[in-house]
Amino acid sequence: MGKEAGAAESSTVVLAVNGKRYEAAGVAPSTSLLEFLRTQTPVRGPKLGCGEGGCGACVVLVSKYDPATDEVTEFSASSCLTLLHSVDRCSVTTSEGIGNTRDGYHPVQQRLSGFHASQCGFCTPGMCMSIFSALVKADNKSDRPDPPAGFSKITTSEAEKAVSGNLCRCTGYRPIVDTCKSFASDVDLEDLGLNCFWKKGEEPAEVSRLPGYNSGAVCTFPEFLKSEIKSTMKQVNDVPIAASGDGWYHPKSIEELHRLFDSSWFDDSSVKIVASNTGSGVYKDQDLYDKYIDIKGIPELSVINKNDKAIELGSVVSISKAIEVLSDGNLVFRKIADHLNKVASPFVRNTATIGGNIMMAQRLPFESDVATVLLAAGSTVTVQVASKRLCFTLEEFLEQPPCDSRTLLLSIFIPEWGSDYVTFETFRAAPRPFGNAVSYVNSAFLARTSGSLLIEDICLAFGAYGVDHAIRAKKVEDFLKGKSLSSFVILEAIKLLKDTVSPSEGTTHHEYRVSLAVSFLFSFLSSLANSSSAPSNIDTPNGSYTHETGSNVDSPERHIKVDSNDLPIRSRQEMVFSDEYKPVGKPIKKVGAEIQASGEAVYVDDIPAPKDCLYGAFIYSTHPHAHVRSINFKSSLASQKVITVITAKDIPSGGENIGSSFLMQGEALFADPIAEFAGQNIGVVIAETQRYANMAAKQAVVEYSTENLQPPILTIEDAIQRNSYIQIPPFLAPKPVGDYNKGMAEADHKILSAEVKLESQYYFYMETQAALAIPDEDNCITIYSSTQMPELTQNLIARCLGIPFHNVRVISRRVGGGFGGKAMKATHTACACALAAFKLRRPVRMYLDRKTDMIMAGGRHPMKAKYSVGFKSDGKITALHLDLGINAGISPDVSPLMPRAIIGALKKYNWGTLEFDTKVCKTNVSSKSAMRAPGDVQGSFIAEAIIEHVASALALDTNTVRRKNLHDFESLEVFYGESAGEASTYSLVSMFDKLALSPEYQHRAAMIEQFNSSNKWKKRGISCVPATYEVNLRPTPGKVSIMNDGSIAVEVGGIEIGQGLWTKVKQMTAFGLGQLCPDGGECLLDKVRVIQADTLSLIQGGMTAGSTTSETSCETVRQSCVALVEKLNPIKESLEAKSNTVEWSALIAQASMASVNLSAQPYWTPDPSFKSYLNYGAGTSEVEVDILTGATTILRSDLVYDCGQSLNPAVDLGQIEGCFVQGIGFFTNEDYKTNSDGLVIHDGTWTYKIPTVDNIPKEFNVEMFNSAPDKKRVLSSKASGEPPLVLATSVHCAMREAIRAARKEFSVSTSPAKSAVTFQMDVPATMPVVKELCGLDVVERYLENVSAASAGPNTAKA
């Protein structure tokens, strides 16, 4: 191999990062671009959110220069999957590179800020780069006309999809979409939502008011790197490949590659062959590889040939490039391109290769869409094995035994089918319509017909349904060939298909997947049958079907319909602004939004690593109840990186094995000696880097024993059977209302022992659990923690280490999303990190990988409710009894609070009388904890399930039953006591009536009925639900300090987790000190800085939870300002005697000279008579359900929420929209599944699907209702962080209405004794659940009826 025998030299990677040159020599070949950026450069914008290419937090722009053409190619990429060596001689641009504090912000960053599109901010740099990349891509299209000044060439449709691969858990996406669309030249600016650039309805929406955009303003490829590349090319031409000292090889020909294969060091287990490395996002590396061979530089693998017979794509052509080539082709090619646009996300498609996808499908049970659609198109592949080149059909290639790593896929040929009498269609069913989600089933069908629509040839390909690879349904193909389509023929084809498509044992949703395959085939064949000019009696499913046929066939236009998923996203916001307390009440933009967008905002993992820093990763139990006998490691490269393992034995004398604690008993930090649930921490691996620690933890081998142990308790049913409960303290127990037996005696009708279930939900904060511990002198330690509860974190660390609280300093600046998951659950990571640092006397950092975080998180409480309800014939309910089982997990955590929250939310209706039996079950699963609207969202759902059951039993309109059982103020006081407040503040009834009783609602309901009567395969539903949510006020500290120059520093007990706490506090500070300023304080806004929480600086900080932290922090700041105004007023009056106006700076300078204490630090406690109050809202949602797939599109949601007098309408709007969309996830697609041992198996972005931009309502309207002033509340404001989440119940209820319409149509019933319209739908209502309720066999039964009707009038089935 030329120089192979010589001494190996370490290659140097040269790249530009934001225009600056970097060299990396001797870097491990497994190092990702993200790791390099975050550890070897000042860049912190790209974040590690998942490590799978599934979240977009790490997106960067990569630019490559071709000296032969003098052209630069730019594309977005997922830096967590991109290997550093693969971007040698490339330029990388991050969010800091397009704009920052010093150089000025880019219009993308300014508009994200101005449209209120950043909350916690952790996802914002990735969003920023996805938008920027989309603009660059559009503006580089020379075939498009130049846009008007300030706009891009991007279209609104493209803009909406620009962030389709990016996840955000905070905003609900609507403001992000508006930001994207603001750049589109075809946008109507008046349609964009609330922003800081113009006042809607008062000022014209003009592009001149937006931060000016100029394409090409950012240089993405510096000239110095171009010169280096040109110079290097002259030097290295024809130089043979050399041995690599750092293990990275990049052959330039197939011959060079085979010489590497023949090397003595080549070994399948330690050498990884890569083109883009995106496959590691699906199949994670279990060990470190010490050698990589990059085949992307082999020219033969990058060929693109088009002729009149086929398109040939080299195996390392990116999926994005393949889409570009195929889009400019015939029907089949364009359809393939359309389907590939739904594979992964833009930033993954840009680097993922077409051949890599096919090779994964060949070697592994990978649910490839690429293989399926290419299989149906009759593709062939060329492979090289040793010196032989072989050609196979794709079907033959997939069916071969898995290829070894020496088998090289060269290219893929897709034949030209022409367009005469050819029909090609592809299908996929996935939780996200735009992609970024693996499909339950995918399929592609190609048919060639004669002029009379006789099927001459047909190919039916199915994939992702639970077998090793895509297959062709050949028996069905053979049956259909030569036949004309009829209902009978299609039915027989489906019967054959069901024998062919058989998921392997262990496949989830087995029957659903078969039903999907049937639905897809039916959709294709019925459409084909109806494409004839001859009439057909088969109802074709709605959707877009395009056929290109000969001229003697009627135009296909009659078959094209607009898919609901393609509707543009629209919105409307209504709110009232008040100047009463200005600048409080103004919709100012979020503090720090620009630095969040630029990536300069510092989160825990962004803090530069201290000298000698070590890194930790958890080893967790995979058994639910077992003795832990030992921890060892496999012999591997990763295990060689282990420095030590920290366990319970390392807890100092006097310390406690404690990881969290709340209210009652705590939870152990380590399983010792028994692991009590799968996912429990057993030990912490310590290594030199986070990647080494994470990889070493995977290599841990734990020896377990179940000797003398009882079987684990995993479910509510297990716990009840074995009397395993957590006791509820009497002071936390909810109280019943009235005499249940008397209420039941008054009822005309009764429903007894009906049951409904709700599963768990994962927080999916974008920043996983993180901590950095730095040991200090005299047994002191400082911990930077991503926590909602610094005070508790401090206390627990001190107890764990056995040192005084004052030795522990916990600092938390900002948190990248919390939702309750950074409260009790954050303390485990902080305690483990602190213990390791304390033991080793070196700084230790932990940043959990997404899988570990998901396995250990616990999440929302699963529960089961059994209810008995009595009611009158008019729908008035007289009595309700509820048996409630709550799965708490292994420790109490917040679980004792759950019954009160659940019953509190349930009480939104007047049940007449109410009694309940609640059991908080102790089980061998990870402790469940507080998650946004804990208990309330479940209680509200249970209430709606009961109301809908009653309405169904009486055949009454559901809203009529809801309205009849809403409280009047008298009954509200009976159910809620003092929390009901004043009658003037009870706004629920008026909000509900505004939505449910409006003429518009009645019109929409009538239109839905009309739609359902004329559409067999898609049904719509609409529902309006009320919400009542009780919140509690807690004591909180605050401190306002005025510096000598007049700038102001503020400390509060609350933590900025994205909820806009700092923004509201800043406004309140300006308002509170405004009496000292001529303009009422607005001049002070820019002088206020809210600083990070520090447990040794501000004690008794409490927790950031329960939705009221912002208002209580604001109130304590206001009181601080009152104290400061009292001190400063005499000086102000003295100065005013000499001058009419007093400048702020002069006032403070004089006060400082007079030695006035310019700091105030009160501790606010709520009035004993007003510790809680009620929040109200109502929400209407309209959905469309695809009966054939179970997919749901939310067509419109209208929310009316009572914010009182909002402290900041922009912030509160963001909270309302964001938590509503989080609720949509809970009720629809978020399936937090565990295995039979209770171990979470939906543990990453591939299997756990939070909402993306394609899941939000197509029309999303919010009205912020201003209820009567209430001086007991903080400036008459109300909470917004959690209550609106329960309004997402409206989506679930609307889905039920749509499903009910389908069940009526197809006479679907769960049992012969039950009506088709009465059924329970548990949470989450995923696609398989919806499809099953609509009927898994509706297609077969429909075709049987049609066939029977065709055969004769007396043979049709009912």
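Each residue, glycine too, has its Cβ placed from N, Cα and C.
Database features (Swiss-Prot):
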DOMAIN    11-98  domain '2Fe-2S ferredoxin-type'
BINDING   CYS50, CYS55, CYS58  [2Fe-2S] cluster binding site
DOMAIN    241-419  domain 'FAD-binding PCMH-type'
REGION    532-559  region 'Disordered'
COMPBIAS  537-554  compositional bias 'Polar residues'
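Counting every protein chain shown, 27 other Cβ atoms lie within 10 Å of the Cβ of CYS50 ([2Fe-2S] cluster binding site). Taken residue by residue with DSSP, CYS55 ([2Fe-2S] cluster binding site) is part of neither helix nor strand, so it is coil. Sequence-distant neighbours of CYS58 ([2Fe-2S] cluster binding site) (same chain, 6+ residues apart, CB-CB distance under 8 A): LEU34, PRO46, LYS47, LEU48, GLY49, SER78, SER79, CYS80, GLY126. Neighbour count (other Cβ atoms within 10 Å of the Cβ, all protein chains): 31 for CYS55 ([2Fe-2S] cluster binding site). Same-chain residues with CB within 8 A of the center of the CYS50, CYS55, CYS58 CB atoms, the [2Fe-2S] cluster site residues themselves not counted, are LYS47, LEU48, GLY49, GLY51, GLU52, GLY53, GLY54, GLY56, ALA57, SER78, CYS80, GLY126, LEU167, ARG850, THR1245. Confidence across the domain '2Fe-2S ferredoxin-type' (11-98), taken as the mean pLDDT and rounded to a whole number, stands at 97.
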